[in-house]
Amino acid sequence: MTRLKGLRTAAVVFAASLAAAACGGGGGGSSTTADKGEIHIGVEMPLSGTESTQGQPILKGVQYAAQRAGKVKGFTIKVIPFDDAVNGVHDPQKGAQNVQAMVGDTKLLGFVGPLNSNVAKTEIPIAADASLTMISPANTGVCLTKDSADSRFPYDAGCGGLNKQLRKSNPNNYFRVVTTDDYQGPAMADYFLQVLKIQKVGVASDNQTYGKGIADAFTAEFKAKGGQVVGPRNDYDQNTTDFKPFLTAAKNAGAQGIYVGGTTGTKVCQVRAQMNGIFDLSAPFGGGDGIVQDGECVGQAGAFAPNVFASIAAVDPVHVPSAKAVIDGYKKAYPDPNDYTAYSIVATDAGGILINGLSKAIDDNGGNMPKRDGVRKATASTKNYQGALGSTSFDANGDTSVKIISIYKYDSPDPKKANDEPWVAQENFGEDKPTVKTS
């Protein structure tokens, strides 16, 4: 696939004739024929470079949500993409510039994004000042919404009140349809221990907000459940190209596998490639949603792509019976296999919830174009939204009520088969006693 194939320099407009039904939750689409003009929603993602394999399917997921909604109470939904990649990698300052541009568009009432938690840290204060609604399909950093990690885990997220600092004195404008790394890291730790029977691991991270956080959470849970983290931890910088000293030290200390927090764009899958010649191919390699169903990751890992395990902080839609119609419809709209990833349907729900909030806000404003704060309030009130991820509600912090982590496994070194990476397990931290389930 050509990476920029899905990126449009102009916004993508979905007219009412494209769809007749809203994407669940009620109140999204409308059969109203009066043309009241446009409402813009943004999609803020890395749409070029190494992370475009995740960003582009998210863009398409939101476009599909708009297609399903059609006109919303007489307004045409216009989806506008914003690329936060610089030199092929997500860039927090570019993300901030994108949000400033969105704030300047008076018709833009909310956006889906961003992909990366460190980008969210720069965007939330700007959007909060403008009452601009954000819904992320991917951010998992604990401190974006919470003061601390779940008390069930021996993990100090080191938040220091960041969530309040980001919003200043503004009401919450930030929501997400994925859960957080204080669950995602432990889920992979539990999988390594309970299913793969791994007792000793080496751990590294890209030393960024997301990567370091998820590696910390993995480490705390792995050790608390009786596992050993061996060898020196490697929180590398982006100038690092040689990971063999770290891997050799871990192997010599008895590591049976490796866990690395970060993304494809921050070289996580290059670490896996360099295990070749130090570890056997059978040695498992774990990571988070930054490397899930990603052909670029498989390409970087090369012959050592098999036995890479990656999590995503959401339920696998295939395991939600009501999601079948959404999945089938999405694949019909975007038949290229590269356009369907673990994020595609998650993004469709994020877009659907935003559109549902728009619809409520229009009603609350007498059928007229709503204010941004009206959309924010309507989105914050989301309860039991019925979408492809099941039933979603937001708590006071903007976090989703669904606390399921899904785990996938790469079986092939062929990048073209990355999106076929099979689901192998999930863990539901909404349960009193969560356990890894493999069927």
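Cβ atoms here come from the backbone N, Cα and C positions, even for glycine.
The feature signal peptide is assigned by TrEMBL to 1-21.
Averaged across the domain 'Leucine-binding protein' (38-398), pLDDT for the predicted model comes to 97. Residues or ranges marked as domain 'Leucine-binding protein' in TrEMBL: 38-398.
Non-local neighbours of the region 'Disordered' (411-439) in the same chain are 53, 150, 179, 183, 186-187, 190-191, 194-195, 292-299, 301-306, 309-310, 315-316, 318-319, 337-338, 340-341, 401-405; each lies 6+ residues outside the stretch with a CB under 8 Å from one of its CB atoms. Residues or ranges marked as region 'Disordered' in TrEMBL: 411-439.
Positions annotated as compositional bias 'Basic and acidic residues' by TrEMBL: 411-420 (among others).
Residues annotated as compositional bias 'Basic and acidic residues' in TrEMBL: 430-439 (among others).
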- Item | the region 'Disordered' (411-439) - residue tally per DSSP class, helix then strand then coil | 6 helix, 8 strand, 15 coil
